[in-house]
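Engineer: I have a structure here, written as C-alpha cells, and I will follow up with some questions on it.
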Amino acid sequence: MRHRVAAAYSTAAPAQPFNVAIIGSGPAGFYTALRLLERLPVTRVDMFEALPVPFGLSRFGVAPDHPEVKACQDRFTEVAHYPGFNYIGNTEVGRDVALADLKANYHAVILAYGSHKDRLLGIPGENSPGVFSAREFVGWYNGLPEHAGLDVPLDMAEDVTIVGNGNVALDVARILLADTSRLKSTDITEHAYEKLKTSKIKRVRIAARRGILQSAFTTKEVRELINEPNVYMNPLKDEYLDQVRPFLPVLERTRKRLVSVLEKNSKLARPEGVEKTWTLDYLISPIEIKASGNGKTLESTTFEVNNLVQPELSSPARAIGSGQHVTFKNELLFRSIGYKSVPLEGLHTGLGVEFDQARGIVPNTDGRVAPGVYAVGWVKTGPTGVIAHTMGESFEVAENLIDDYKQGIVGTEQNRPGFSGIKDKITSRIVGWGDWEKIDAAEKTKGLSEGKPREKFTSVDEMLNVLE
C-alpha cells in the first residue's frame, strides 16, 4: 500500500515555479526571500542589486564598532545558498534592466531598495561648505562607493552640531568622538580611519526640536555614547527633565529606562583631563546656518527655541516656536533628520505605480502595491526601526504574498519564466553570488594583514577587478 501511494504522488504534475524578483539586497530583501523560500518551496527568487556587493544597510549603514548587528549577514549568506535563490549583482533596475521587463517575466516583483535620499532642513545656509548629511558620512566611513570621495574637514573643526536625535545621529557623534585606536580593528575603511586620526573635534551638540520623550534613539545607543572612554556627557538642562516628570508614573518601561539613564548621567561630574564632550539639546529648531568664508567650514548655526505642547502622554507632542533665538558656534553640521526613498525609473510607466513624493515611499496596503507588486522595508514604511524590526515587517509582507499565491491572486500566469526571460536584456556585467564570494574573500585577505575583519573595496571598479 505504501508503494502504491508513493506511485500516485509521483505521477502528479509538479507545480510551476513561482518566480519572484526582489529589487534590493539589504535586510528587507533577504528576510523576505528567507520567508518565501522556507514557507513556499515552489518559489524561485532572483535578487537584483545595483552594486556588485550585497547586504545594503547592514554593510553600509551599521557603525563599524557594531559587528554584532552585522551578524545577520551570516543568515543572509545561508539564504543565498538555498536552491531557489539567485543573486544578480551590479545590475541597477531601471538602468541595466527595465522594470517593465521584470513585470512581464515574473509572477511577483518586490520593491526592497530602501531609502537613498536625505530629508532636508530647508533653511538658509544649508548648502554651505561644512554641512553634510549623516547618511553620506556613514556611507563614507563604511565604504559606500558613491561617498568614497567625501571630504569632511575634520582637522579644521572643534565644534560640531548634529541636527536630529535618532540612532544614526548618535552613531555619528560616537565615531567623531571615539578614540580612533579603538576603531583600528573594525571594518572601517582605511581612508576614513586615517582621516579621523587628524580630527580636532572636541565638542558635539545633538539638537532636537522636541523633548526627551520624543527622542528617536534607543537606550542602548545613548548608553554606549555615555560610556565612550574619555568622553563626557554634559548635564541635561533641568527644564528638559522637569517636562518629563509629570509623565513618569505612566511611562512605558523602555521610555522610563531612557529617562533614568539620562538623568543619572546628568549628575556626574566631568572627570579631570577629559577634553571631549557632547551635549543633548532639546526644544530647538535650526533656522539659519552661517558659513565661515574660508570655503571649508561654518561659523555658526542659529536655532529658534521651541515650546513643547503635549497636554497628556497620549497626545501628539508639538514643538511651537517661541520667537527666541540662540546661536551656537560650529565649524561642521551634520543633518540627521531622516531618509526618504525615490522612485525607480519606470515605476509608473513599467508598473503603473505612483510614488508618494511627500512621504518618500511607495504607497501600499500591508505591502501590497498593485497586482503582482509588493514593497518591503523602508521603501514601504519610511526609514523607521532597527534591523530586527525590518525582519518582522518583511516576514509579514512575505506571508501576505504567500496568502495571495494560495488564493490564486498571483502565480497563475503561465508565461512568467523569470531570469531566463530577461538575462539577455541585462546590459551590465552581472555579478553572481560566486563572484561576490571572491570579492568577499579578497576583502578579508586584505583586512587580515591589517588586523581587521576586512578592508572594503570602495569603488565598483575595484570590486570588479577582483573578478578579472
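Each Cβ is built from the backbone N, Cα and C atoms, and glycine gets one as well.
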Engineer: Quick one: which of Val93, Val109, Val353 does TrEMBL put in the FAD site with Ala28, Glu49, Leu57, Trp378, Gly385, Val386, Ile387?
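Structural biologist: The candidate from Val93, Val109, Val353 that TrEMBL ties to FAD along with Ala28, Glu49, Leu57, Trp378, Gly385, Val386, Ile387 is Val93.
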Engineer: Record says Asn165, Gly166, Asn167, Val168, Arg209, Arg210, Gly385 bind NADP(+). Source is TrEMBL. Which of Glu221, Glu224, Glu396 does it list for that same site?
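Structural biologist: So the NADP(+) site in TrEMBL includes Asn165, Gly166, Asn167, Val168, Arg209, Arg210, Gly385 plus, from the candidates Glu221, Glu224, Glu396, Glu221.
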Engineer: Reduced to three states, what secondary structure does DSSP give Asn165 (NADP(+) binding site)?
Structural biologist: coil
Engineer: Given the binding-site residues Ala28, Leu57, Val168, which one's Cβ is surrounded by the fewest other Cβ atoms within 10 Å?
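Structural biologist: Fewest other Cβ atoms within 10 Å, among the binding-site residues Ala28, Leu57, Val168, is found for Leu57.
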Engineer: To the nearest whole angstrom, state the Cα distance for the pair Val93 (FAD binding site) and Val168 (NADP(+) binding site).
Structural biologist: 28
Engineer: Out of Ala28, Glu49, Leu57, Val386, Ile387, the binding-site residues in the record, which is closest to Asn167 (NADP(+) binding site) when you go by Cα distance?
Structural biologist: Val386
Engineer: Counting other Cβ atoms within 10 Å of each residue's Cβ, which of the binding-site residues Asn165, Asn167 comes out lowest?
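Structural biologist: It is Asn167 that, of the binding-site residues Asn165, Asn167, has the fewest other Cβ atoms within 10 Å.
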Engineer: Tell me, if you would, which residue among Val93, Val386, Ile387 (binding-site residues) has the fewest other CB atoms within 10 Å in the structure shown?
Structural biologist: Val386
Engineer: My understanding is the cutoff is Cβ-Cβ under 8 Å with a sequence separation of 6 or more in the same chain; which residues meet that for Glu221 (NADP(+) binding site)?
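Structural biologist: For Glu221 (NADP(+) binding site), the qualifying residues are Asn167, Leu170, Asp171.
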